[in-house]
Number of protein chains: 4
Amino acid sequence: MTEKCGVVGVSLDGRDAARPLYYALYALQHRGQESAGIVTHDGFQQHSHVEMGLVGDAFGEDDLDTLNGAAGIGHVRYPTAGSVDSSCAQPFSVSFKSGSLGLSHNGNLVNADEIRDELAAAGHAFTSDGDTEVIAHDLARNLLEEDLVRAVKHTMQRIHGSYSLTISHDDTILGVRDPQGNRPLCIGELEDGYILASESAAIDTLDGELVRDVRPGELVVLQDDGQGFDSYQLVEEENTAHCFFEHVYFARPDSVIDETLVYEARRNLGRKLWEESGVETDVVMPVPDSGRAFASGYADAASETTADGEPRDAEDDGVEFAEGLMKNRYVGRTFIMPTQDERERAVRLKLNPIKSTIEGKTVTVIDDSIVRGTTSTQLVQLLKDCGAEEVHVRIGAPAIVAPCYMGIDMATREELIASDKSTAEIRNEIQADSLAYLSTDAVADVLGKERLDLCLGCVTGEYPYDIEGEETDRDVSRPDIGGQQLPADD
Amino acid sequence: MTEKCGVVGVSLDGRDAARPLYYALYALQHRGQESAGIVTHDGFQQHSHVEMGLVGDAFGEDDLDTLNGAAGIGHVRYPTAGSVDSSCAQPFSVSFKSGSLGLSHNGNLVNADEIRDELAAAGHAFTSDGDTEVIAHDLARNLLEEDLVRAVKHTMQRIHGSYSLTISHDDTILGVRDPQGNRPLCIGELEDGYILASESAAIDTLDGELVRDVRPGELVVLQDDGQGFDSYQLVEEENTAHCFFEHVYFARPDSVIDETLVYEARRNLGRKLWEESGVETDVVMPVPDSGRAFASGYADAASETTADGEPRDAEDDGVEFAEGLMKNRYVGRTFIMPTQDERERAVRLKLNPIKSTIEGKTVTVIDDSIVRGTTSTQLVQLLKDCGAEEVHVRIGAPAIVAPCYMGIDMATREELIASDKSTAEIRNEIQADSLAYLSTDAVADVLGKERLDLCLGCVTGEYPYDIEGEETDRDVSRPDIGGQQLPADD
Amino acid sequence: MTEKCGVVGVSLDGRDAARPLYYALYALQHRGQESAGIVTHDGFQQHSHVEMGLVGDAFGEDDLDTLNGAAGIGHVRYPTAGSVDSSCAQPFSVSFKSGSLGLSHNGNLVNADEIRDELAAAGHAFTSDGDTEVIAHDLARNLLEEDLVRAVKHTMQRIHGSYSLTISHDDTILGVRDPQGNRPLCIGELEDGYILASESAAIDTLDGELVRDVRPGELVVLQDDGQGFDSYQLVEEENTAHCFFEHVYFARPDSVIDETLVYEARRNLGRKLWEESGVETDVVMPVPDSGRAFASGYADAASETTADGEPRDAEDDGVEFAEGLMKNRYVGRTFIMPTQDERERAVRLKLNPIKSTIEGKTVTVIDDSIVRGTTSTQLVQLLKDCGAEEVHVRIGAPAIVAPCYMGIDMATREELIASDKSTAEIRNEIQADSLAYLSTDAVADVLGKERLDLCLGCVTGEYPYDIEGEETDRDVSRPDIGGQQLPADD
Amino acid sequence: MTEKCGVVGVSLDGRDAARPLYYALYALQHRGQESAGIVTHDGFQQHSHVEMGLVGDAFGEDDLDTLNGAAGIGHVRYPTAGSVDSSCAQPFSVSFKSGSLGLSHNGNLVNADEIRDELAAAGHAFTSDGDTEVIAHDLARNLLEEDLVRAVKHTMQRIHGSYSLTISHDDTILGVRDPQGNRPLCIGELEDGYILASESAAIDTLDGELVRDVRPGELVVLQDDGQGFDSYQLVEEENTAHCFFEHVYFARPDSVIDETLVYEARRNLGRKLWEESGVETDVVMPVPDSGRAFASGYADAASETTADGEPRDAEDDGVEFAEGLMKNRYVGRTFIMPTQDERERAVRLKLNPIKSTIEGKTVTVIDDSIVRGTTSTQLVQLLKDCGAEEVHVRIGAPAIVAPCYMGIDMATREELIASDKSTAEIRNEIQADSLAYLSTDAVADVLGKERLDLCLGCVTGEYPYDIEGEETDRDVSRPDIGGQQLPADD
C-alpha cells in the first residue's frame, strides 16, 4: 500500500529542479508526514535523498545542493499504522540496463502480489514489499525491449488498482494516472518548465498556472527543455472512479480538482446539507478546521431558506454562524496522552468551546466525518457541559461504513462506528439531539458526476475494483496476467 | 527580559499537579516555544524539570512521574532573538534558609539592574542575568525575616515594571500581578483545587471555571488543601497599564481577559475598523489566521451599514466575506528559505490566494498588524498577480511605531515600518490602493478602558513606565531603592 | 567496494540467533565502524535491521527482539572515505521467487561492473552500486533454475576478486570464501550450533570452539538443526592470495588465522625484524597499541642475540623493553583538531612520551607500518624534544608502496610516503637516526607461505589479480563472462 | 559530592585559553565522562559552556570560538550512580558584587551542609545541592569585604574535607589544594603562560613543563600576563592525607604525582607484590589494561629472585610474562547486556583468553583491585575453561574494605566483597588456587610516605577525616563554624 501520499515531478529549462520540488512537497505536506524524498537526474547521473520525517526535517541546504539536475520527482508518504518502515519511503529508485528509474506512487494496486510473483518467477529480486517496486521492475523489464511509451502502456495494462505516478526515466519526467482516475494528478506550467503534482496548490506555490488534470489512463511526458509536454491516452475505461473523499477531506481547500475549487465543493456540500437536513438552531458552528467550509455553506444556505425550504423573511435573522470552538494550534505535535480517567477530556486539549457563544443556545455543529465516534461523543458532551440547550450534529459527507482499499487509511471496519450502526444508533451513542449525514446522491450531484464515476466504496461498501471479500459496484474484468499475451503491434 | 511568556500555578487536594500543569502549559504554548518547565513540591522536597523546546518535546511520561506533589508551577518561554540560553529557562528554582522557591515570570522589570546591584552588594551571587533570579533573591532575603505576605509586599514595593508571577514557596502556590496589571493573570477553580494562569484557556483545558483576573497589585495565595485562595491587595496604583496588544494579537481568541472574550474583542475592533475606515469592495478577506476575527467583525458591520455609515438597503448585498487566502498548515515548522530571487515568493509558501475569489474583484484584506511591511508588500503583489482589481488593506489595531519594553518581542525600532513612515508612505511602499489602521481611541473604547489605563507604548511611543530614552505618558514615581526604609509595621 | 568489513553467520538449534550475532559483531567491531546489520530468518519470514554507526548504537533491545529465527547473518562495515552512504550498509537482503536472500560481503570484486551490465541486460534493476547487490542478483538468478550448491558454484565461477561471504537463503546459512582465500573466514562450533565469522575472536566471544578456516573456494552450508555443516569444494586455484596485512595490522591479536595466533605471528615478525635490522639502543618501545606485539618479539630476540647475531653474554643486559609512550584511551572519539600552528602537536594528544624512560637514552621505536609519514615525523620530533639521544625506527612489515584493491582502505598512492621515496629518503624526512622495514621474504617465512600464496600487492606493486593499470604477479585467466557456457552437468 | 573529577585552569599572555583548556580536559577525560565545561573571562565578561557528555561531544568549534579570553578554567565530571543531573555539571559560575567567579572542584567536603545552612541563614539562595556552590557562595561573601587571598584563606578555614579547586575570579586564575592534599593538583609552565591541572599529563598534552605539585594548603595565583605565579601557604596541617588510590588506579600512568611517575609507582607496587606473595607459575599475565604495569614489575622482580626470595640461577627461566588476555578495544561503549543465563559470559565480551598461552599451564593473573568479585570469578572460570592448570590471583593493592568518602565512587560497603569476607573466603568465592593482596605497609613504603600521610580509608576503614559513623585514624579538630570568629588581622 502506498496510501494517501503526495507525488510531484518537475522538468525545467536548465535550472535545478531540487528547490521547486522541495517547495512543492512542502505544499503537499498534508498528504504525508512519514517520509519525504526527491530524486533528480542531471543528464548523466541520478541523485536521491529520501528520509523519514517532515519535508522541513528531511532536507537540509546541503541535501538540496547535491540533488543536481533540471528534472526530478518527489514524494511525501502518509504514516500508515504499524509499519513505519524506511524501506518503503519513496521515491523508489533503481538503475537498470538502459538507465535509471525513479518512481513516486500515490494509490494502491489490487494485483501487486500476482505481478510480483510473475516477476520473481522471471528472476527479479525485491528489496521491499511495496507496490512501487513492483511497478518499477515491471517497467524496467518492458524498457529492455520497447520504447518508453509502449513500456508504460504495457505496465498500465498489467497493473490494476489506483495509481497516480510521477516517474523519472533518466532526465525524462512522466506522469501517469490510472484508467479510473482514482487519485488526483494535475499538470502545471511554470515560468521555465512544467510540473506534475497531486494537487494544484503545489503549482500555486511555485507561481505556476494549473493547465489541467491528467486524464484517467493518460501518460504525460514532460519535454526535456521545459517547453511543453506530450500526451498519450494509453488506456481507457468506460467509467472513472474518482475518490470523492479527496474533495471532502483529504485535498487542500485551495486545490482545484476536476476544475472545481475544493473549498467551493465543500461549501456546496454544506449548502446541500442544509437543504437535506437543516435544523433551525440559534447558532451553527464548525469543528475547526475540518468543518469550516461545510459550515460556511450550510449557514449561507440557511440565511436564504428556512429548514423547511421556504425563503427567509427579511425579519428572520435565521441561523447565526459563529466560531464556538477554538483550536489549539499546537495540536498534532507530540504530547503525553491523558490518563484513563482524564481521557474524556482529551478533546478539550484540542478544542475549546466558547461559553458566551454556546450557553443557553441551541447549537448545530458541522464536521466532515465521524470515524470512530469517540471525538463526537466528547464534543457533544463538551458543548452540553458548556450550557448548550440542544446539540445537533451535521456531517458534510455520507457515513463511512467500510474501509478504503485505494490508499486512504481510515480505520478498520471494526473501528468505524457506522459499519454496524444506523444513524439513529450513532446519534444515540454520541448523545446528540439530532444527527444527519449528507446523502451519496448529493455528493454526486455537487461534484457533477454520475455515481458510477465516483469511488464511493467507503460509504456504500461497493467498490469500483474487484477486492477479495468485498462487493463491487461495476463489472470488473481484471487482466489475466498469467497468460497475458502482449499485443503484437502496440 | 522574560518577554511574552506563559505562567501557571496549581494547588490540588492530594492529586499530583504535574499533569494538570503539563496540559495547562500545552494550552499556553502560543505564549512561548523556546523552553518549558515545571517545578513541583511534595511537602518534603522540590522537584524540577526544565528543558529547551516545546512542551510536548520537553516532557516525557518519566519526567512527569518524577514531578511529585500536589502543588507546582510551570512556565513556557518565548524565543527571544539571539539569546537562546538554557540558563534563562524557567521556572527558576532556589533553596534557601526556610525552604525552597520556584518562580515563573511573564513581564519585564525596569529596575532589575539596580536591585541586582543592591543584592550583590549584600553578598548575593547570581547564576544568570535574568530578572527572575533578581526577584527570587529579593524574595528569599525578605523571607529570612518576615512572613510570606509581607515578604512579597516588600519585594513588590521594590521591583518596578511588568510582572505576572506564579511562585511556589515549598508547597504553597502564589500568584502576583504587578500594580499596573500589565500582563494578564487569572484564577480558576478546578474540581479538586485552584489554578493560576496567564490565560483562561489553560483553565478551560482542565475543565475548570474562570473565577476572575488577579487584580493589579494583588497577591493570591492558593490554599494547600485545594479548597480556596486568599487575596491580599498589597500595592495599589492610580492607573493600570494593561497591554492592549494581548487582546489584539498575543492571547488566544478563546481566552477571557478583563471579562471579555478575546475573540469578541477582536470582532468588535473589526466592527470599529469598518466604522472608521470602511471601504466598499467586492470581497473582504482575512489574512489567516491572525486577521480572521477582525475581518468577521468588519464584514458584519459592513452588512449593516455602508461605508458612509448609512443603514444598508435590503437589496444591497454589501460586502461579501470570503476565504480568499488559504494557509499551509505546516507553515512555521522548519523549512529552507527560498534563495534571494525566489524570496518574493516566500509568502506564497504560507498563503495561497484563491483565484476564483479574487480575479476581477476589488478586495479588502484584514490583518492585525503590519510589523516590517515585507509580508504586506508581498501579499498585495500576490493578490494583484491573482487578478485583483484593487487591494485595500485594513489593520485592526493602530500602527506600531515604537518597541515594547514590557515583554513582547516585536522588532527593533529601525525594523518597524511605521516608526518613521506615515500611513500614506506605508501605503505607497506596500502598493495597496488604500491603507487604514484603527485609532487608539477606538481601541480604548472597545476595551472599555481609559487610555491612561492601557499600555499603548508601542503605538504612541509614550510609555506608562519610566524607560531610559523614551517618553512616559504619566507621572512615574519609582521607588528609591537605595535608601528604602521598609515600613515598620506592614 | 566493500572494503575491510566483518561478516558472520549463525545457525542454532532452536535458540534465536540475534543475540549471538550481535555479540559476534561486537567482537568484529574493529573491522568496521560505519554501519552494522543483522538479517535473520525464522523459517517463515526474513527479518532485517541495518543501521549506520557502531554495533552498540545500531541495535537496541527492541531491535534484537524483532529479529526472530535461529538462523541469521551479520555485517559490520568499514567507513570508506567519501561515501558514507546508507544504501551500501549490509547485510543486503532481497526476496525473489523461491525465497529470500541475505548477503554479507567482505572483499572486493574485480569484475562487478561486467556482471552488473550483463544482469542489467537480462532485465535486472539495481538499487545500489555495490558489489554485494551484484552477487545477490546473480545468485538469485541461478537459484531460479538450480539447487543452492550449483547456484553458488556458478556465481563463484563468474565473480572474480576477493570475497568472504556469509549468506542466508531463507533459514539456511552459507559461508563462501573466494578461490584465492584473500579475506579470512572461519568456522566455529557453539554449544547448540555453528558459526561462520571473519575472525575466530568472534567465536571465542560466544564460548565456541574454532573448527578451522573455510578453505579457499569452499562453500560451507550450516545444517538447519545446528548439528553440523556440509562442505563443498566448488572452485580451486593453483595458488592462494592470502592478505598478509590481516596478520600484520587488521585482525585482532587474539584471532587465529591459518592456525596461527595473530599475536604470535606479530611477535615472530618482531623477532625477524631484530634479526634483519636490529640496532643496539638503551630502550626499545612500542607505539601503543599497534607496535606492542612486534616490539615484544623484537625485544625478546634482542635479549638472546646481539645486533650482530651473536649470543648475548650473561653480563650483557641487552636492550631494555619499556613503555615509553602512553596512549590517551579516549583517542579516536570525536575531537576538535588543533589549528594549523598547533598541528605538530596533534600526536601529543594521542601519545605521551615518558621523560624518565627517554631522556638521555638511545631509543628504538617499533610500529606496524608507516602510511603517510606525518605521524612518524611528529613522533620522532616528540622523542627528541623529550631528550632522546637517538631515535631508531623499526617497522614490523615491508614498506607500503601501492594501494590495496582487495578491500583494505589504506590511502591513495600519492599519499603513501613509500610509493615514491626510498627508505633512505623516508628516514631523512622523518628525521630518524635509522629506519628499517621488514623484508617480504621474512613475512612469507614467518607466515609459513610461499610468496606466491600471499597477496603482497601493497608492498610489491604486483597483484594476484588482473587490475587495470597495475601489474600482476601471476598468470591470471579471468572468466570470459559474456560468452560463458554454464557446464552441462555440474 | 563532586567525586573523582578533573580540573584545570589556564592563564596565557594574550592567546585565547579555550583551546588549551579543551585539550587539557581531553587529557583528563579518564577522570570524568559525565559532563565537561569551560569558563573563560576576557577581561570584561565571563563566558561559559557546560554540557553533559564527553569533552569531544560537549564542545564544537563554535563553542570554543565564543569562549573568549586568555584566562579560564575547565572541568570534567565523573558519572556518579543515580544522579545524572545537569545542575551539578561544572564549572559552577556566578556573578556577584565585585565581579564573577567560576569554580571547578575535585573532591568532597565533609561539612558542606553546615556551611550551606549558615549561608542560607545569612540569606543565600542555592540553585543546586552541590558542594561547589557552597564554596562559591562562601568565597563570594568573603570577597565583599576582603581581598582575594584573605577571602580564599577564610573559606579554606571554614570548609573541611577534600578539595582541589581551580577558580576564575574575573580573569585571575587560582588553584587551591586542601590542607591534607587529598586530591592531586599540579602547576605547569606553558610557552606563553601557566596551567593548573589535576594531573601532569594535561600539561604534557600542551607541550608544557611540570613545575611542581600544588602544596597541601597552598593557594596559587597565576599572574595575568602569563609570566609567573604567586604562592600563598594559607593553611597547614601536621599530616597530609594523599589518596593512595590515585597512584594505584585512578591517575593516568604517564602522570607524575609527588614527583613519581604513576607507571613506575605501579611497577614498584608490582615488584613488592612478588616479594610479599610471589608464587612460581608457568606464566604471569596482566588483566589488560589495569593490571599491566603491576604485572610488568611483578614479572621483573620474579626474573631476579625466586618466590622464596633467593636470587635466580642462570639456568632458571623463572616466570614468563605473557599477554594471555586480549581486550576488545570497543568495550565500554554502549552495548546490550547478555541475558541472565548468558551473564557468566559477560567478561568474555571484554577479555579473550589466548588458549596457546594458557592451556596446560599454571597461571598468575595480576590486577589492581577486586571490587565486587564478580569479574574475578568469571575470569578465573574463563582461564580454567581455557585449560589453565592453576589460577593464582595477585592484586597490586590492599583489599578494599570500606567506601571512599573523599571523591572516588567505588561501591557501597555492601557491594564490596572484602568488606565482610577474609582473603581466604574471597579466594574460595572466586575459585582461585591462591589469592594475595599487597599490604598497606608496602603501599606506604613504595610511595615513600608515612602511613599517616596517606588516606587509606578504603583499605583500613579508618579515615583521616571525621566522618559520621566511621572511625578516624587521627586527631581531627574540625573548625567550629557556627561560632567561628574570623581572625582580626589576617
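Every residue gets a Cβ built from N, Cα and C, even glycine.
TrEMBL: automatically predicted annotations, no manual curation.
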Key: Site co-member for Mg(2+) according to TrEMBL, given A:D367, A:D368, out of A:S290, A:S296, A:S439   = A:S290
Ask   = Hey, how far is A:S290 (Mg(2+) binding site) from A:C243 ([4Fe-4S] cluster binding site), Cα to Cα, in Å?
value = 18
Note = The rounded CA-CA distance in Å from A:C5 (active site, nucleophile) to A:C404 ([4Fe-4S] cluster binding site) is 14
Request  = Using C-alpha atoms only, work out the spacing between A:C455 ([4Fe-4S] cluster binding site) and A:D368 (Mg(2+) binding site) and round it to an integer in Å.
outcome  = 17
Remark   = Reading the DSSP string in three states, the entry for A:S290 (Mg(2+) binding site) is coil
Request  = Quick one: among the binding-site residues A:D367, A:D368, which has the most Cβ atoms sitting within 10 Å of its own Cβ?
outcome  = A:D368
Message = I'm checking region-level scores; what's the whole-number mean pLDDT for the domain 'Glutamine amidotransferase type-2' (A:5-225)?
response = 92
Query = 10 Å Cβ neighbour count around A:C243 ([4Fe-4S] cluster binding site)?
reply = 29
Remark   = recorded positions considered: A:C5, A:C404, A:C455, A:C458; fewest surrounding Cβ atoms within 10 Å belongs to A:C404
Task = Would you list the other residues of this chain near Mg(2+) - those whose C-beta lies within 8 angstroms of the C-beta centroid of A:S290, A:D367, A:D368 - in sequence order?
result = A:Y249, A:P286, A:V287, A:G291, A:F294, A:I366, A:S369, A:I395, A:G396
Number of Cβ atoms other than its own within 10 Å, given for A:S290 (Mg(2+) binding site) = 18
Request  = Between A:C243 ([4Fe-4S] cluster binding site) and A:D368 (Mg(2+) binding site), find the distance joining the two CA atoms and give it rounded to the nearest Å.
outcome  = 15
Remark   = Whole-Å Cα distance, A:D367 (Mg(2+) binding site) to A:C404 ([4Fe-4S] cluster binding site), is 20
Nearest-integer angstrom distance between the alpha carbons (Cα) of A:C404 ([4Fe-4S] cluster binding site) and A:D368 (Mg(2+) binding site) = 16
Request  = Name the secondary structure element type, per DSSP in three states, that contains A:C458 ([4Fe-4S] cluster binding site).
outcome  = helix
Key: Between A:C458 ([4Fe-4S] cluster binding site) and A:D368 (Mg(2+) binding site): CA-CA distance (Å)   = 14
